[in-house]
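Feature list (source: TrEMBL):
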BINDING   T8, K9, N10, Q11, G12, K13, S72, F152, G153, Y154, D155, K175, H180, R181  substrate binding site
BINDING   E42, D71  Mg(2+) binding site
ACT_SITE  D71  active site, proton acceptor
Amino acid sequence: MKKLIVATKNQGKVNEFRDMFSKYGIETYSLNDLDTPMPDVEETGTTFEENAQLKAETIADFLQVPVLADDSGLEVDALNKRPGVFSARFAGEEKDDQRNLEKVLDELNGIENREARFVCALALAIPGKETIFERGTCEGRIATKSFGESGFGYDPIFIPKGYEETFAQLPSEEKNQMSHRSRAIQQMETSIQDILT
Ligand SMILES: O=c1[nH]c(=O)c2ncn([C@@H]3O[C@H](COP(=O)(O)OP(=O)(O)OP(=O)(O)O)[C@@H](O)[C@H]3O)c2[nH]1
Ligand SMILES: [Mg+2]
């Protein structure tokens, strides 16, 4: 089986990458699976693409193999697209999913416009070549409270367009058919297959 390293420590993302790439005959390895300590990457970018590039290129330079990275987050229209690139650390540096989603619910308290979207930027860094970028989005709205147990991050408060349940209430296969991440991966598939053959 072909192998691909994804430069992430987020196990929620890893589970989704693993499911989606297995359909393409690709085995996924994350930073959590590697024995050698990897360089720490500070997410200093102002866009999802910049942060994905930093993560992918740092690890690809270090390992000298192709590396994929994902920088993603939630944009809430009534909050001027916040939390955006700060989604993981919205309520503090400790990256607490529960506190992050409570902060979004608090800030939206009493606000009618609950439109939001998930964004996923993927960067594929290939040593000696230009990095390749793809982006996927998923439109939806923020629920009035938390519903459901599956998924990760803001899934319990995000209702995708055309649905009445949150991502955390839907089976993971259903989320993976329409999510920002799956859309970005579909766009990236040919580039990944090219470098892995
Ligand atoms: O409900 C969610 N469903 C998703 O599908 C999803 N995708 C991203 N997010 C949120 O956005 C942050 C990304 O930040 P992020 O890209 O910096 O990742 P991270 O710091 O968690 O891991 P790493 O990949 O950087 O190692 C994450 O922590 C999550 O809070 C999601 N929430
Ligand atoms: Mg991060």
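Heads up, the Cβ atoms here are built off N, Cα and C, so glycines get one too.
Features as recorded by TrEMBL, highlighted on the structure.
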residue	record	Cβ contacts under 8 Å, 6 or more apart
T8	substrate binding site	V14, F17, S30, L31, K55, A69, D70
N10	substrate binding site	A88, F152
G12	substrate binding site	G151, F152, G153
E42	Mg(2+) binding site	L54
D71	Mg(2+) binding site	E43, G45, F48, E49, E50, N51, A52, K55, V85, C120, A121, A123
S72	substrate binding site	K13, F48, S87, F118, V119, C120, A121, H180, R181
D155	substrate binding site	G148, T166, F167, A168, K175
Quiz item: When you measure from the Cβ of H180 (substrate binding site), how many other Cβ atoms are you left with inside 10 Å?
Solution: 24
Self-check item: Packing count at G153 (substrate binding site) (other Cβ atoms within 10 Å of its Cβ)
Solution: 22
